[in-house]
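For reference, the structure discussed in these notes is given below.
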Ligand SMILES: [Zn+2]
């Protein structure tokens, strides 16, 4: 059993789960429902162009907190359909590729983190990874039994990779003297690892991705990589959202950070037991307040925009909101959701063509 290594780790529930590639067409609010004439085609083209590049941004916040003990769903009793394990692929080749882009290392005051070993360009593919295993997000049988089954199917090497992941364990926090290496506690630990690190991997499923799981969190403009699940290929991909200089940490985001610093920190503390000191959370108070205002305003506009499909706002207002979110996001340096935004704008525009 590898030594326990507590780190600020992966996250929990993104209710907005913009995960799969096809999200933008599945979203009910995107169904064309109006047909007024309007010169929105220009923005459609612009939106689609931006959408292609920023599509990776749609994966923002796919991480899901799965299989909570109190959320067992009787409708979904079966175990899991586990895609191919990474051991089917050349692990050495993947490790060599990783090593040419990043390394995992101890960072002062932060625990382990992922650092670029060379300059990385925006849009570059950082990680492409199959899950070690996948489970339904809601189950009726014991989650630890399901995890145990899945672990038994893994190679020893992959089991090590799983148990080497860090985790937040409320149980251990309550009982600090619990020996986590006691065989009876191994499954509790496995569950904690799964809950801390699982990421949405398709509809109603969550998977474990050991490479991606090494990425630490940052808020708003401070994260520089994004990930998304590719249903057709059965892989999770991580892309650079921004240029990253050699030696800089690669950071993703565990949650929707369009909220105030206090709210973000409270959430991260509660879910992951860490106090966020990312570049945005570390802004001087006045700048932090301005950043909070931009983020909350973006959040409100997103909510308003989401009412378009239910006829509460017309196409003109919807596109106006998209423009405004785009502008405010530009000021904040928060671009990761532009792909989704652009795709949404394209739907609105299409609905108002005729
Ligand atoms: Zn932060």
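Cβ coordinates are placed from backbone N, Cα and C, and glycine is handled just like the others.
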Can you say which of 69-90, 91-112 is given as region 'Disordered' in TrEMBL?
69-90
Candidate ranges 1-36, 145-180 [criterion: TrEMBL lists as region 'Disordered']:
1-36
